[in-house]
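J.: Sequence annotations record features per position, and here Swiss-Prot assigns disulfide bond to Cys97-Cys179 based on sequence analysis. Swiss-Prot lists Asn5, Asn167 with the feature N-linked glycosylation site. The topological domain 'Extracellular' feature in Swiss-Prot is assigned to 1-25, 79-106, 164-196, 266-270; the stated evidence is sequence analysis. For 47-57, 128-142, 218-244, 292-331, the entry in Swiss-Prot reads topological domain 'Cytoplasmic', with the evidence type sequence analysis. As annotated by Swiss-Prot, transmembrane segment applies to 26-46, 58-78, 107-127, 143-163, 197-217, 245-265, 271-291, with the evidence given as sequence analysis.
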Amino acid sequence: MKMENHTLISEFFLLDLSDDPKLQPFLFGLFLSMYLVTMLGNLLIILAVSSNSQLHNPMYFFLSNLSFVDICFISTTVPKMLVNMQSQTKDISYIECLTQVYFFNTFVGMDDVLLTLMAYDCFVAICNPLKYTIIMNPRVCTLLVLMFWIIMFCISLIHVLLMNELNFSRGTKIPHFFCELAQVLKVSNSDTHINNIFMYVLSSLLGVIPMTGILMSYSQIVSSLLRMSSTVSKYKAFSTCGSHLCVVCLFYGSVIGVYFSSSVVLSTQRIMVASLMYTVISPMLNPFIYSLRNKDVKVALGELFIRVAPCPSWINDIITKFILKNIRQNL
């Protein structure tokens, strides 16, 4: 097969989620709805945290950052997927592909980091409550998040620069619905040894280190809970981190359950399903998990709704009673 330099390649071709044309309208409507729900849910979390001074603490700072990352994460892949569902060619330009690789790796890395920082925040809140304000200093938290953003941007830039040196054949089809780095490397005509080493080393570090940090944090949390004599104290302590634990299980469970299954060779369909779980499903459910299990977030959302939405007085009265009820329960 004739090889062409990457500078001559103008586009790649992506796969559909389904080969059945009759399913395309249904899938388009489904993923468009999921995308809009994700955008709205995460935007509400950001607005609720930023508009309520009671939520200006490290835990909700990390939560608002996670919501921002989830908005960017799903916006990296789903809009192009929706466009291709309405297109006959299913193509993506070379520049668009590089852009997807860059931002996808950045945001998935930040998801890992933020979940780890939130686990550590829970650990400090439960195991060292008297030192919480000292350890989880707002300035330190801000610098930590900023530092990891810079690190992820640099790592993704290296991925893209290495990928930019590869050769591809004209009409190359990527076996995925978006440009995932591992799948792009598989279809290159060049030697991808260096690319693969860098990718697997970084993937291992970004997988093992955050997961180890989360497991260590929760092992200490469980140990502290077992030493508590009061049932009420145990419930309050667990409710502090219950939402985060659900999100961690959803994010890592979808990856571990599919990518690290007993199958030696993963089919293209399994890879796409795995990607949908943590690129679409997880960002969509995160706001619901945090708002349904967290009284502070529910109160903040209620107050935001009263200020923004022009509602009849009887609806505002119901929301106000709900807010007061949750405030009394938190006392």
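Positions of Cβ are set from backbone N, Cα and C atoms, glycine also.
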J.: Determine whether the transmembrane segment (271-291) and the transmembrane segment (143-163) share at least three Cβ pairs under 8 Å, counting only pairs 6 or more apart in sequence.
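T.: As far as Cβ distances go (cut-off 8 Å, pairs 6 or more apart), the transmembrane segment (271-291) and the transmembrane segment (143-163) do not touch.
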J.: May I ask you to report the DSSP-based helix, strand or coil state of Asn167 (N-linked glycosylation site)?
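T.: Going by the DSSP assignment, Asn167 (N-linked glycosylation site) belongs to neither helix nor strand, so it counts as coil.
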J.: Six or more residues out from either end of the transmembrane segment (197-217), which same-chain residues have a Cβ under 8 Å from its Cβ atoms?
T.: 109, 112-113, 115-116, 119-120, 122-123, 155, 158-159, 162, 181-182, 185, 248, 252
J.: Which residue among the recorded positions Cys97, Asn167, Cys179 has the fewest other Cβ atoms within 10 Å of its Cβ, if you could check?
T.: Asn167
J.: Would you mind listing the long-range same-chain contacts of the topological domain 'Cytoplasmic' (47-57), meaning Cβ under 8 Å and 6+ residues beyond its ends?
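T.: Result: 63-64, 136, 138, 296-297, 299-301, 303-304, 307.
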J.: What same-chain residues lie close to the topological domain 'Cytoplasmic' (128-142): Cβ under 8 Å, and 6 or more beyond its ends?
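T.: Distant contacts of the topological domain 'Cytoplasmic' (128-142): 57-58, 61-62, 117, 121.
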J.: Of the residues in the topological domain 'Extracellular' (79-106), how many are helix, strand and coil by DSSP?
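T.: Going through the topological domain 'Extracellular' (79-106) residue by residue, I get 20 helix, 3 strand, 5 coil.
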